[in-house]
Amino acid sequence: MGRFIFVSFGLLVVFLSLSGAKGSCCTNDSLPMNGMCYKIFDEPKTWEDAEMFCRKYKPGCHLASFHRLAESLDIAEYISDYHKRQAEVWIGLLDRKKDFSWEWTDRSCTDYLNWDKNQPDHYKDKEFCVELVSLTGYHRWNDQVCESKNSFLCQCKF
């Protein structure tokens, strides 16, 4: 009887410790924040190919969206630490209507924007996707031709 109680207690402890662990998409080279996991991918892709890659990477993933300055600064620091190419990085903001009405691919509210100087400009009426600018330490954004190839930042829900 004593052994049964001991084994049962041991199993209960294991169960409780495992049930407290959240399954997430975060790996050692990812940034967990606000119920999301952010991961940089260095392989250059067009904006559309990058979004499709994120969606296939794990359920609930998209190119990253930003909603506060503090969040943007943490992500910029993460990219600076883990991004090998030191080049621009796609995020999930685009202008589908081509009328400066920017939308996130995850359909979250466009409540925060952080454009670089004189941006967005839709240069030559061809720039409708958004990248983080490396020369700003990944703090500021630029609209870019969607067919350009950049590294990209995915975000996944825990």
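Numbering starts at 1 and runs along the chain as displayed.
Using N, Cα and C of the backbone, Cβ positions are placed for all residues, glycine too.
These come from Swiss-Prot:
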{"type": "SIGNAL", "residues": "1-23", "note": "signal peptide"}
{"type": "DOMAIN", "residues": "24-158", "note": "domain 'C-type lectin'"}
{"type": "DISULFID", "residues": "Cys26-Cys37", "note": "disulfide bond"}
{"type": "CARBOHYD", "residues": "Asn28", "note": "N-linked glycosylation site"}
{"type": "DISULFID", "residues": "Cys54-Cys154", "note": "disulfide bond"}
{"type": "DISULFID", "residues": "Cys61-Cys156", "note": "disulfide bond"}
{"type": "BINDING", "residues": "Gln119, Asp121, Glu127, Asn142, Asp143", "note": "Ca(2+) binding site"}
{"type": "DISULFID", "residues": "Cys129-Cys146", "note": "disulfide bond"}
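Burial estimate for the disulfide-bonded residues (Cys154, Cys156): highest at Cys154, by number of other CB atoms within 10 Å.
Most Cβ neighbours within 10 Å, among the recorded positions Asn28, Gln119, Asn142: Asn142 holds that distinction in the structure as shown.
Calculated from their C-alpha atoms, the gap between Cys26 (disulfide bond) and Asp121 (Ca(2+) binding site) amounts to 35 Å. The recorded positions recorded for this entry are Cys54, Asp121, Asn142, and the Cα of Asn142 lies nearest to that of Cys129 (disulfide bond). Note on proximity: among Cys37, Gln119, Asn142, Cys146, the recorded positions of the record, the Cα nearest Cys54 (disulfide bond) is that of Cys37. Annotation: Glu127 are the recorded positions among Asn28, Cys61, Gln119, Glu127, Cys156 whose CA atoms are within 10 angstroms of the CA of Cys146 (disulfide bond). Along the domain 'C-type lectin' (24-158), the predicted structure has mean pLDDT 96. When the Cα of Cys37 (disulfide bond) is compared against those of the recorded positions Cys61, Glu127, Asn142, the shortest separation belongs to Cys61.
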